[in-house]
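J.: Copying in the features that TrEMBL gives for the protein in this structure:
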BINDING   Lys24, His31, Tyr140, Arg188  heme b binding site
TRANSMEM  257-277  transmembrane segment
Amino acid sequence: METEKKSLTSAEQMTDRDLSEQIKKVTMEIHTRAEKTELMMSFMRGQVTLAQYKLLLCSLYEVYQTLEEEMDRNSNHPGVAPIYFPTELARLEAIAKDLEYFYGRDWREKIIVPAATKRYCHRLRQIGKENPEFLLAHAYTRYLGDLSGGQVLGRIAQKSMGLKGSEGLSFFAFPGVSNPTLFKQLYRSRMNSVELTEEERNGMLEEAVRAFELNIQVFDDLQNMLLTVPEKKLQTCSTQSKPVNTLQIPISQTAPLLRMVLGLFVALATVSAGLYVF
């Protein structure tokens, strides 16, 4: 019995050393807090408007553009190479396709994002230069979260907005991944194989928590944007050659009814942040 107990303890210790399991553990609190929000629950009622979804796509485009630029630039880094799957996971082209469907060919002149989105992008660029291995934390929480919840969220969004077929929903589709379950197992195995010093590992875990926080901040700003900014101003022009328009969103009390219809934002924030990864 004692030998069996020791073997079990040893196995548990080995599992606990897996980076994917450690990330799951350290993000459990923020995961639970986000998952139980009223807005997350309202999403499950299938309430979302086209205007909200379009605004969401604008921020997702900015975040993924930055993340994928940094992943590409650091693709040979030992902390990035094992989990670098651009063919299977890249989201930028899919989001651009959705934006063109909703806004037209000049969509780049019509997008606008809140300040939190720019802060998120700034963080991604910072670690891309200073600590490329930390990109793994963001890639893991975002990509596997999207992959895990994509099909369900896509169907809910389609029904809520009355969309026909798959047009406008490319973000949710992963044509390069034939078996999501097996792919996620491969991805976790690859990330667990990354060699990290104790200091780097601790930094990675802190970055995973930060990834959740940054996502939640983005979607909090998006909610306040819809509450406080006139629709006309939301269409302020910007071009790809210039910084995307950024709005400083004041903190305000969200009306209960409007909070109900903002569910998709929080759902995508939390799913993208890895709520359904584990």
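A Cβ is built for glycine as well, from the same backbone N, Cα and C atoms used for every other residue.
What you see is a predicted model, and the numbers here were worked out from it, not measured in a lab.
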J.: Counting other Cβ atoms within 10 Å of each Cβ, which of the binding-site residues Lys24, His31, Arg188 scores lowest?
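T.: Counting other Cβ atoms within 10 Å of each of the binding-site residues Lys24, His31, Arg188 gives the minimum at Lys24.
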J.: Measure from the Cβ of Tyr140 (heme b binding site) and count the other Cβ atoms within 10 Å, all protein chains considered.
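T.: I get 22 for this one.
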